[in-house]
Amino acid sequence: MSTLPLLSPAKLAPTSHKPRNPSTKRTQLIKTLKNPTFEPLKDRLIRLSNVGQIQEAISVLDVMTQQHQLTPDLTTFSVLLKSCIRTRNFELGKLVHSKLNQSGIKLDAIVLNSLISLYSKCGDWVTAKTIFDSMGDDRLRDLVSWSAMISCFAHNGFESQALLTFIEMLRHGESPNQFCLSAAIQACCNGENAWIGEVIFGFAIKTGYFESHVCVGCALLDLFSKGFHDLESAKKVFDKMSERNSVTWTLLITRYAQMGHHEDAIHLFSSMLSSGFMPDRFTLSSVVSACAELGFVSVGQQLHSWVIKSDLCSDVYTGCSLVDMYAKCATTEPMKDATKVFERMPNHNVMSWTAIITGYAQSGGLDTAAIQLYKNMITQGHVFPNHFTFSSLLKASGNLSNLEIGKQIHTHTVKSGLASVNCVGNSLITMYARSGIMEDAQKAFEVLLEKNLISYNAIVDGYVKNTDSHKAFKMFNQFEETKGTEAVDSFTFASLLSAAASLGALGKGEEMHARLIKSGFASNQRVCNALISMYSRCGDIEAASRVFSKMEERNVISWTSIITGFAKHGFATNALEKFDEMVNAGVKPNEVTYVSVLSACSHVGMVDEGLKHFDSMYHEHKINPKMEHYACVVDLLGRSGFLVKALDFIKSMPFKADALVWRTLLAACQVHGDAKLGKLATKMITEQDPDDPSAYILLSNLYASKGEWDSVVKIRKTMKERNLMKEAGCSWIEAENQSHKFFVGDTCHPRAHEIYKELDELVMEIKKLGYVPDTGFVLHELDEKEKEGYLVQHSEKIAVAFGLISSMSKTKPIRVLKNLRVCGDCHTAMKYISVARGREIVVRDSNRFHHFKNGSCSCNDYW
């Protein structure tokens, strides 16, 4: 293993100087010893140091050296250095070191060890190592020196170097004590070195240090909790400790809370009190945080009383924990109690400001207030934000969808040099992704100094949510190359499964399924939920059902996912059965569950059943229907031909119907050819959303189906004047491990000649079986022959023809996805093709799935 780079000792303050004139220094020393003012000044300096009055002690030192021309002895400097370390006055400690060098006194091991500790604690491991090296192998180094250096490396992120130093110490014949063992074990508190920690643990047991020293026990608690993520073993270590104090109790409670065992942390706190130990600010902070995560506001309030009684209200750690607890556990007015705690804190630093800003950003709907607090923090509090502050601010601006504010905050992060810090960069990626600006999200990703799993998850999820699934998989492949598949977590797999679902790429989804099984996520609830959604959205509802049936634990998302899958595939009976099972299992449905239940009823025309479930939303589960639920009922009535009832239902709504509701009614009017009511629905849509092209297109299609071409021309002219474009219909199919997209009359595919040859043969075959082209679905003023030729070129027919000539397995269904509603003629043609070629065809359009098999469709021609 390579050694760490060190700065040249010449660039550092030397640890000792030999006097230029030894006789002069000897004279000064004799003068010092005989001077009657030396001992009183030395005693005063030591007294001030012992009570932490370092500035005053250094002033006494200056009086000794400058006014009385006295040279302090090593004891004086040693006391000063230790006091600086104890009170964490590191800059004053460096000043003492400078004065020590100026004195020319030859340093002993005690002072040198204190200097190593000083520079270690202030993060300057280079100077600490230089001082350690200057001591020589055997001349001045002792066990304290080795322990201090091992601790220095361990606490400054150089765990491997700490362990190498520990081994070097053993080679030099030193026997480690409790402090040395503690430092070495701390260097093992990560996944890479944890196994070495077990070896040192055995050494500690054999030498008796485990049972006799608290510091070794504390290090072992961290080894098992942080290194192995094994709280059970950490608790066994705790139980075996012969001596415990408040620090050991606090450490165990904190680790339980940090690893998500919040309730256990609270129980441990109760045991701590029962054992007669008093909590300090760190204990209370950890337990309050546990209450915040569990929503235990009443326990949190009791702890708040304890904080007040213990006079810890001014402590920033405890105060921040209370702010966080009240923010997360607000029962009535959000952030009211959290703000009170914040305002009563006597002093505010970056931690307290960040806590209150984060609370507002996470409380929902208070993002503008979070931004205002940031302004107050800078202008009134004169406190500069850190990386956690910026992370919360970017979340708030992302929630507001205010790109301008987000860019301003981004500028502040760049000026502060924090844009490349992980948590800030990750928040920037998410903020830009939520605004749909993936180019800037990618730039934020690229400038990160170190890209971690969260970074890759953020960029992958951004591409998925912005419908660029190909780039999502590209970023995943990049992650695999640098980190390996074993580094992927459940969130990554869930995002990639969503990407596969949006592409309809069943092959990709199955590949991800195989990978996640190998990675040990087959029973992960989040991943299983994503698998159910992926399989159902890719057309394999049987596979989705198998995943659901194998789940050990299901939540409302699991149940809703399978109900939605059955609903989209037209299996309303299965969907409603699952809903009943869900309720009987004691799982409370949510708003999304009811959208799926109502959609299931709508897709098969179960009007009475659907209305019954709509009424049960509030009466049985206290869920207030929202606009989406009213739109589902309008769809339920409209699809079944009850257009007047649907209109009456809209008029009875407790709030004004939005464009979605009227668009649903307009679609039903097109299906049933009601131009009069369709015109009313279009008017209501364009009043609310004048730039919605779908309303004009639906009405245009309605007029075209009735042959009212003058009205069609008029509508198309209006669209042209408003610069509204119709979404081009397209279909795509996964074959030969890639996605193939087709538009109407598409001839761009490399195998276009083969595809159209297959199409011509198909049309001839299905005509013999009874297929008659329905030219009524050609919504253009053409002659019959042209209309028939136009029908053949529909994108879903082209995609199916390609599926038939591709190398995909002949035993698997042909799965086609379409961005618009499948046309009636294509629907009829697919039924005939399933007979002619003996293949099942699954088509996912904008509304639902159609399973064509043996001449019939799963929708029973009701869609």
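For all residues, glycine too, the Cβ spot is worked out from N, Cα and C.
Given the structure is predicted, the values throughout are model-derived calculations rather than measurements.
Here TrEMBL flags 770-863 as domain 'DYW'. Per TrEMBL, the feature region 'Disordered' maps to 1-26. Positions annotated as repeat 'PPR' by TrEMBL: 73-107, 142-176, 245-279, 349-384, 524-554, 555-589, 590-625.
Taking DSSP states H, G and I as helix and E and B as strand, the repeat 'PPR' (524-554) has 23 helix, 0 strand, 8 coil. Away from its own ends, the repeat 'PPR' (142-176) comes close to residues 1, 3-4, 109, 112-113, 116-117, 119-121, 123, 125, 128-129, 132, 135, 183-184, 186-188, 190, 192-193, 196, 203, 207 of its chain (Cβ-Cβ under 8 Å, at least six residues beyond either end). For the repeat 'PPR' (73-107), the model's pLDDT averages out at 84. Helix, strand and coil counts from DSSP across the domain 'DYW' (770-863) read 36 helix, 16 strand, 42 coil. Beyond its flanks by at least six residues, the repeat 'PPR' (555-589) meets 525, 528-529, 532-533, 535-537, 541, 544-545, 548, 596-597, 599-601, 603-604, 606, 609, 621, 623, 848-851, 858-860, 863 of its own chain at Cβ-Cβ distances under 8 Å. Listed by sequence, the residues of this chain that lie at least six past the ends of the repeat 'PPR' (245-279) yet keep a Cβ under 8 A from its Cβ atoms are 214, 217-218, 221-222, 225-226, 229, 231, 234-235, 238, 286-287, 289-291, 293-294, 296, 299, 306. Long-range contacts of the repeat 'PPR' (590-625) within the same chain, counting only residues at least 6 positions beyond its ends with a Cβ under 8 Å from a Cβ of the stretch, are 556, 559-560, 563-564, 566-568, 570-572, 575-576, 579, 582, 632-633, 635-637, 639-640, 642, 848, 859-860, 862-863.
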